[in-house]
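*Asks:* Let me give you the structure first, and then I'll get to my questions.
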Amino acid sequence: MPRQDSAVMAGSLTHHGSPNPAYSSNNAVPVPVITQTDSRDKWSKKMDFLLSVIGFAVDLGNVWRFPYICYQNGGGAFLIPYILMAIFGGVPLFYMELALGQFHRTGAISIWKHICPIFKGIGYAICIIALYVSFYYNTIIAWALFYFYSSFSSILPWTNCDNVWNTPDCTNYFGIDNVTWTNSSKSPAEEFYTRNVLEIHKSSGLKNVGGVRWQLMLCLFLIFTIVYFSLWKGVKTSGKVVWVTATLPYIVLFILLIRGATLPGAWRGVVFYLKPQWGKLLETSVWVDAAAQIFFSLGPGFGVLLALSSYNPFTNNCYRDAIVTSLVNCLTSFVSGFVIFTVLGYMAEMRKVEVEDVAKDKGPSLLFITYPEAIANMMGSTFFAIIFFVMMITLGLDSTFGGLEAIITAVLDEYPDHFSHRRELFVLGLVVVCFLGSLSTLTNGGAYVVKLLEEFGVGCSIIAVGFLEAIACLIFSILKAPHLTLFDYTYPDWSITVGYIIGFSSFMWIPIYMVYKLVWTPGSLKQKKQNTLTREKIHWSPPCSFLFKPQF
């Protein structure tokens, strides 16, 4: 017998013994109440849920993307469109997903039969997108693990130019006078990243990505092993792991903030980060970037919030949860900017250049070249390198937990007869698929594959799925093909076409399921429309009080 989808009706209850006083009445009017199913997992503690949501929302992008977007779009002036987009766009969507998941108590696929059945393809699209993310995101965590292992040395290997992987272009300017920095100069940290970690010089591009780096494959295997044993038993295990992975980054951020503030030239970075450029507010692109940043930072549309909140008690105050976790996320992004730009100011001081020349790096280059380079030349460099990469690993793991849990919850709720009692095996199979799908990113040219998946596997697809307000970003990115470059390599035209195919392969499931539903639903055309566009009837009342007056 199939498991009940999201909740069971307890029937008509009188005033005595009602488990949900929010729906009771002094006049003993019979009211239905929705209670939790015994078969569904539940969070052991409220903090398990909050830390899981915060851990998912606060990821590597908070550390590098927000500071970069902020200074690029007007510094302190950017906070105005950022806050407005958060209030009127990000937080309402964030709250909506928490409320829907908690109310219907089901994952991203089966929830649509309660809302609008014809859009069920959105759930499948979300799962495909989450798979694409797992193919490259965990590789970035594996890079961090490689750095973590390499940090256990009295002299960090990216400190000087005396290593076997270094080239004549390697230029070490820290602690050395009269060093000329030219356009062809490469720092020791850059050559460690490109020639030792990635070995990208052995690949000529996507046509010849080279062999798999066994060191990175071992790191990725360890990452997925941690992921499996954190997720295999459901929220009861992942809820305990996040007490470490979601809190440790804040301890490290605080330590790095204090250290960065004491570095020479730190003030230059802070001024560059926050100096307002009010004229930027007149540019449309600044407001679009603010919307995109808050959307990708909070993470609505990925199905994770639906999945995590579906394990909450029905009367949980999800409105308060949305406000608290959104504030924590946004404040983390803001504080991370000080952590990053105090160090960039220090590097500009050492190179005797402008902060703008140092801050041009973004994304993985900022995390794996610029910041490690600065750490390598600090007092206690080994200690700061170890805690920095521990922070990166834990930030990444939390987001991986959330992304895979979205798939797990969606599939188990949609196919309970097949998988509800085989969670451990299903999670193992999913982890194996993700590991195999990541192998191409572990090759010598794996960084090119990571860039391709990052650009096309998530961007336009997730916006189309979860954030209709950002439709302008979707149209812009479709009409104007991105010019992709990585180091000295320019992506060929055929790779851009492959990227669009990757992006479309997830989004296409929405119209495919619509057509399938219309074709196979019995009855006349009018009956088909009625059956596919209207939700299943749930006999309960009142219909809106939960959303407007959530109970803790």
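From the backbone N, Cα and C atoms, a Cβ is placed for every residue, glycine too.
Curation plays no part in TrEMBL annotations; they are all automatic predictions.
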*Asks:* If you have TrEMBL open, could you say which of Cys127, Cys170 makes the disulfide with Cys161?
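*Replies:* Of the candidates Cys127, Cys170, the one TrEMBL pairs with Cys161 is Cys170.
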*Asks:* Specify the count of other C-beta atoms within 10 Å of the C-beta of Ser399 (Na(+) binding site).
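*Replies:* Excluding its own Cβ, the number within 10 Å is 25.
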*Asks:* Below 8 angstroms Cβ to Cβ, which residues of this chain, lying six or more residues outside the transmembrane segment (491-516), approach it?
*Replies:* 118-122, 124-125, 128-129, 132, 205-207, 448, 451-453, 455-457, 459-461, 464-465, 481-482, 484-485, 532
*Asks:* Measuring Cα to Cα, how many angstrom lie between Leu395 (Na(+) binding site) and Cys161 (disulfide bond)?
*Replies:* 30
*Asks:* Relative to the transmembrane segment (49-67), which of 121-149, 287-311, 374-397 accounts for the most Cβ pairs at distances under 8 Å?
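*Replies:* Ranked by Cβ pairs under 8 Å, first place goes to 287-311.
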*Asks:* Same-chain Cβ contacts of the transmembrane segment (374-397) under 8 Å, 6 or more residues past its ends?
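*Replies:* Result: 58-60, 62-63, 137-138, 140-141, 144-145, 147-148, 151-154, 156, 158-159, 174-175, 188-189, 223, 226-227, 230, 244-246, 248-249, 252-253, 255-256, 259, 263, 343-344, 346-347, 350, 367.
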*Asks:* Thinking of Cβ pairs under 8 Å, which stretch from 121-149, 323-348, 425-450 has the most of them with the transmembrane segment (212-231)?
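*Replies:* It is 425-450, which has the most Cβ pairs under 8 Å.
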